[in-house]
């Protein structure tokens, strides 16, 4: 099993190029199911979840015409098997995103209930209830969602809670429904906007993406298109947080500052100096960070996917911070691993109280999920001595060659078998 070996203490300098966003690329790949025409996706990150999704689409009947680095050309002219098996879905919960497009395009879908990260319950009931409201007949049989429908009908759907994948699934399904669909309490994430832009490029009629009310007027068919996936705002935030913790001067390219307003604000609170341009962000940090308290919430508030990285930073900050997680239960599993590095953290329910100390000490730690992996890397970069991060297969689900990018910025980090 592969591990990362990190020798802490180096400042990070130079330039890092940001990859396409996994959480934008996955629904965009699924959007290829909505048209019989050729569909091209650019700026695809090279990640395990992307490879898994492409394999799933091939099983469904999509032909991968080209799969060059960063680009995939897809043809869903013949969907022969509208099924996502448990073996395929169990490692990637985003596979649920084929449900809406398959049902809208073929009138049927047989989808295993999803797996993915072990960070708490992420129910798909909002997907199912929304599709049922559009006229689908859906049942749960032996761990599978069995869905059938004629042409879906537009309707008003008020979601009980904010769900990104639920919003994306229903938005895709509604593009081919008869009439108008109104999604209320919709997710506002930039990845939802990116998917809407992709669908509009295919001929969909969508208004309001980026707000909590999205209106979709169904059309008879969608056509082929080419779409460039947005930059990964979480990868961007992860590297910025690493520099704020370690110190240094880094410029991130091929990224967007406008998707990270709250994160950038919190980094400025730590004492970092930040400059931004149209497609770049520069962060400079010359001293020990100040602590930042935060509360995760749906976009545009502080993202849950950045909570763990900020906990690593707060572990060595000059003071005490309070961090509250409101999105997922069980998303403090990295706390016990940080404590192995001598971090001073107490967890009370969904809140962690972090008392910053001047220096973490290197040790062997184990990654429990994707963002916890990034947290432990940042902690290892600031720790004294050697840190070994085990179970890094989580990393390859969401970060493209993170150790190489950090190494080119001066980090002493390498992957070993």
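Placement of Cβ uses the backbone N, Cα and C atoms for every residue, glycine included.
Database features (Swiss-Prot):
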ACT_SITE  117  active site, proton donor
BINDING   22, 23  phosphoenolpyruvate binding site
BINDING   93, 122, 123, 124, 125, 126, 305, 327  UDP-N-acetyl-alpha-D-glucosamine binding site
MOD_RES   117  2-(S-cysteinyl)pyruvic acid O-phosphothioketal
All chains considered, the count of other Cβ atoms within 10 Å of the Cβ of residue 327 (UDP-N-acetyl-alpha-D-glucosamine binding site) is 19
Candidates 23, 126 (binding-site residues); min other-Cβ count within 10 Å returns 126
For residue 123 (UDP-N-acetyl-alpha-D-glucosamine binding site), the nonlocal same-chain Cβ neighbours (under 8 Å, six or more residues apart) come out as none
Its Cβ having more other Cβ atoms within 10 Å than any other among the binding-site residues 22, 93, the winner is 22
A correct count of other C-beta atoms within 10 Å of the C-beta of residue 125 (UDP-N-acetyl-alpha-D-glucosamine binding site) gives 12
Same chain, |i - j| six or more, Cβ under 8 Å of residue 124 (UDP-N-acetyl-alpha-D-glucosamine binding site); the result in sequence order is 96, 113, 114, 145, 165, 166
Students should find that the Cβ of residue 305 (UDP-N-acetyl-alpha-D-glucosamine binding site) has, within 10 Å, a number of other Cβ atoms equal to 22
Under a three-state DSSP reduction, the secondary structure at residue 124 (UDP-N-acetyl-alpha-D-glucosamine binding site) is coil
